[in-house]
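Feature annotations, reproduced from Swiss-Prot:
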| type | residues | note |
| --- | --- | --- |
| BINDING | GLY81, ASN112 | anthranilate 1 binding site |
| BINDING | GLY81, 84-85, THR89, 91-94, 109-117, ALA121 | 5-phospho-alpha-D-ribose 1-diphosphate binding site |
| BINDING | SER93, GLU227 | Mg(2+) 1 binding site |
| BINDING | ARG167 | anthranilate 2 binding site |
| BINDING | ASP226, GLU227 | Mg(2+) 2 binding site |
Amino acid sequence: MDAMKPLLGKLATGASLTQAEATRAFDLIFEGAATPAQLGAFLMALRVRGETIDEIVGAVAAMRARMLRVDAPADAMDIVGTGGDGHSTYNVSTLAALIVSACGVPVAKHGNRAASSQSGASDVLSALGVKIGLDSREVEACLEAAGVAFMSAQAHHAAMRHVAAARAELGTRTIFNILGPLANPAGVKFQLLGVYAKSWLEPLAQALRALGSTRVWLVHGADGLDEATTTGPTHVVALENGAIRAFDITPEDAGLQRAALADLKGGSPAFNAAALKAVLEGRKSPYRDIAILNAAAALIVAGRAADLREGARLAAAAIDDGRAASTLSKLVEASNRASLPAVAAGSCP
């Protein structure tokens, strides 16, 4: 408990922690060596002053050191959002992940249950019949079988149990809202990352560069969504081979129509699962368009599309010819088969 005091004392002066100090602080937190009072004070000191890149990188290093790792193809990617945008849209990144996988890109999706919305990635996938909470071997088997796999934060970041109560009691965003997407258990180097605030796009790009990412698009809708949005412009900060650049995209760039924000609202896991399945069954809707836009952006990140219009064409084709629906079916089957105790390691067909 005493080891946290010097670090808290430094934060109390308004000073920032070095990367090494941040790693030390989060090591203590993840070991359960911080009292509830110390943890709450630490998180709010960072929040009020504003987390630095060194503090984020140091925190991620501590998370990555403890996570249950997953072996994935070198070209695997993640499509994920920070959450916390307050709009409770349906599960755009989850559907985009299925579409992108259907286009031949391995997707190792990392996610959680809902925090600020009614339905997080774990919630909607469970409603669709996907087995959640698989261990590393089971995830690897499903990734090989279906081309997509889901890694739950609870299963792969057990150390987070030490902060769950404090986060719930604080009831506000903390550094943990942005750490999860930076600590993918499969160590992916390619990401489409939705961010809840425009001000975080550049800092997170710099953090991901320091953490070794190859190509990432960080996106924030001008309407506030932590997705590429179809209601208007989306702000993008792209990291590619160490270079960072900022630009905007619009739905028209992908040949898509604009939508009203109300048309993108989600609901319960059952509601969102039904909406997702309707898109996979070919129903034209604003839900389909925003999923296509995000899939198109992800396909650019994956090196499979030269621009949004080509990416949108590939994504739409994967829906219309049934490949995306087939990908979901394969994931449901593979995840349930992989979790059977009698199945030998690596035998998920």
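Using N, Cα and C of the backbone, Cβ positions are placed for all residues, glycine too.
Here the structure is a predicted model, which means the values were calculated and not measured.
Feature annotations (Swiss-Prot) mapped to structure.
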residue: GLY81; record: anthranilate 1 binding site; DSSP class: strand
residue: THR89; record: 5-phospho-alpha-D-ribose 1-diphosphate binding site; DSSP class: strand
residue: HIS110; record: 5-phospho-alpha-D-ribose 1-diphosphate binding site; DSSP class: strand
residue: ARG167; record: anthranilate 2 binding site; DSSP class: helix
residue: ASP226; record: Mg(2+) 2 binding site; DSSP class: coil
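Separating the Cα atoms of SER93 (5-phospho-alpha-D-ribose 1-diphosphate binding site) and GLY81 (anthranilate 1 binding site) is a whole-number distance of 7 Å. Recorded residues GLY81 (anthranilate 1 binding site) and ASP226 (Mg(2+) 2 binding site) have their alpha carbons 6 Å apart, per Cα-Cα distance. Note on proximity: of the binding-site residues THR89, HIS110, ARG167, the one nearest GLU227 (Mg(2+) 1 binding site) is THR89, by Cα distance. Non-local contacts of HIS110 (5-phospho-alpha-D-ribose 1-diphosphate binding site) by the CB criterion (under 8 A, 6+ apart in sequence, same chain) comprise ASP78, VAL80, PHE150, MET151, ALA153, HIS156, GLY180, PRO181, ALA183, ASN184, PRO185, ALA186. Geometry remark: the residue listed as 'anthranilate 2 binding site' versus ASP226 (Mg(2+) 2 binding site), CA distance 20 Å.
Cα-Cα distance from THR89 (5-phospho-alpha-D-ribose 1-diphosphate binding site) to ASP226 (Mg(2+) 2 binding site): 10 Å (rounded to the nearest whole number).
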